[in-house]
Amino acid sequence: MWWDERVSARFRRNLQPTLTYWSVFFSFGLCIAFLGPTLLDLRCQTQSSLSQITWVFFSQQFCLLLGSCLGGVFKRTLAQSLLALFASSLAISLVFAIIPLCHNVVVLAVVMAVAGLAMGCIDTISNMQLVKIYQKDSAIFLQALHFFVGFGALLSPLIADPFLSDTNCILANGTANASSNLPHIRKSLVPHHPGNLSHYDLPMKGMVVTRVSYAFWIMALINLPVPIAVFFLLYKERMVPCFNGSSHPLLSADELALETRPGDKDELSTAGQRPHTAAGHEDLFSCCQSKNFRGASYTYFAVHVTGALVLFMTDGIVGEYSGFVYSYAVEEPLSVVHKVAGYLPSLFWGFITLGRLISIPVSYRMKPATMVFINVVGVLITFLLLLIFSSSVVFLFVGTASLGLFLSSTFPSMLAYTEDILQYKGCATTVLVTGAGIGEMVLQLLVGSIIHDRGSYSFLVCGMIFGCLAFTFYALLVFFHRMYPKPSPEPDEASPDKAAVPEDTGQYQR
């Protein structure tokens, strides 16, 4: 096997919770990519204008960011985490079922805001719990976790596609003219950003003819096993509210001691005798409390900030590239046929998913820091070549695939790297998830406005600038890593960045 027996034994012992967290992230992916291709049918369903319906994007993205910030609140015990994941995954199924019943754009925006909150909680809690379970072995399992979000993001547009309207889905005067615009507009909405659609005139009143409801009901059924899986884990751990009794932690102190070096056993035994406190993996608001800063060196803060800035840039690139590559391709000088250009976002997401699958075995043999370096350098080189060969349609497709591969493993690798630097203390997971969410939201808005003012070529220039900034922040992170205090044999509990052995030994508070 391509991993050793110790990691394999640890995985077998935590098989059910690991598979559960992976499946919950599939729900996240299923919910993140359907809105773009279905937005025009939803516009018909709500009989709203394009400018009104595009606010649904904002409501989902903003609440996703808010949910990521709040998700850490529910991580203090295993029971809280699993109950939050159960509620979030069930909420996503309910959202899919309710969307066809939303005939008002405000109601639809509220429903998508609920979905965004659920997605944010899933994002933060699943990452945190996998890091808690596997700690220094978490990189490979985080890569697998993020493969499932890519798989879900690929699946939902495929489910929706057969039910999308080929012609305008509101029958009214002038329908023929509006219908000819529909395929072009739909492709420009995939998968995240609606772009500038104010110049398209589509009817707002008339008979609604759309079958997109079936797609949402199918996705609701596909997602239903996920909350059931979380419920079974709750039941196994005897944490269902109607059941009383205690259960053993998913990873006991004795089991963890068997997996460590002989020299570490005494330290872990001593640590296990102290009251267990939630020293790390706080929610964003707890992280900002002054008590967490006492005794911390400046490098402690620098690692958090530079790690978040790297993901601000790289996740922002994912959002802006997938949202605007179609618009860039159909404009001059490339002038790609609309149907062909429509494959570019799918190609991008497909190679992100493939890259995450490849990264699962690679992450076991390669250090997270090395993987992040390869990723940011690859992104930089790809954008440079896209600028050089900006008139080549073939290289646009090659570059899109290359960019997807290099961006695919950046988030889980950066998360594993920063958590390793901080000895699984501090707030790395929460800060990185929040930074990535802000980047995806802000850079899309920024690039959209720049393209509108400066033309389509600025799309690649922005990507190049963001890639350079990502590499710069990564270099700063490596510098602060070298400056970061090494753990000492005698941990100073007053200092959050000077701990020899993480207090979080893999046990969960109830």
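Each residue's number is its place along the chain shown, starting with 1.
Using N, Cα and C of the backbone, Cβ positions are placed for all residues, glycine too.
Record features, source TrEMBL:
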type     : residues : note
TRANSMEM : 21-40    : transmembrane segment
TRANSMEM : 52-74    : transmembrane segment
TRANSMEM : 81-99    : transmembrane segment
TRANSMEM : 105-126  : transmembrane segment
TRANSMEM : 138-159  : transmembrane segment
TRANSMEM : 214-235  : transmembrane segment
TRANSMEM : 298-318  : transmembrane segment
TRANSMEM : 340-358  : transmembrane segment
TRANSMEM : 370-389  : transmembrane segment
TRANSMEM : 395-417  : transmembrane segment
TRANSMEM : 429-451  : transmembrane segment
TRANSMEM : 457-480  : transmembrane segment
REGION   : 487-510  : region 'Disordered'
Contact count check, CB pairs under 8 angstroms to the transmembrane segment (21-40), set 105-126, 214-235, 457-480; argmax is 214-235
Test of understanding: applying the rule of at least three C-beta pairs under 8 Å (pairs 6 or more apart in sequence), is the transmembrane segment (214-235) touching the transmembrane segment (81-99)?
yes
Is the transmembrane segment (429-451) packed against any residues at least 6 beyond its ends, judged by a Cβ distance under 8 Å, and which are they?
61-62, 64-65, 68-69, 71-72, 120, 123-124, 127-128, 131, 192-193, 195-196, 281-284, 287, 304-305, 307-309, 311-320, 323-324, 327-328, 411, 414-415, 418-419, 458-459, 462, 466
Quick one: find which recorded stretch in 105-126, 138-159, 214-235, 370-389, 457-480 has the most Cβ pairs under 8 Å with the transmembrane segment (298-318).
457-480
If you count every Cβ pair below 8 Å, which range out of 105-126, 214-235, 340-358, 457-480 shares the most with the transmembrane segment (370-389)?
457-480
What residues in the same chain, six or more past the boundaries of the transmembrane segment (105-126), come closer than 8 Å to it by Cβ-Cβ distance?
21, 24-25, 27-28, 31-32, 35, 42, 46, 48, 52-53, 55-56, 59-72, 74-75, 81, 84-85, 87-89, 91-92, 95, 98-99, 145, 283, 429-430, 433, 437
Same-chain residues near the transmembrane segment (214-235), Cβ under 8 Å, at least 6 residues beyond its ends
16-17, 19-20, 23-24, 26-27, 30, 34, 38, 79, 82-83, 85-86, 89-90, 92-94, 96-97, 99-100, 155-156, 159-160, 162-164, 243
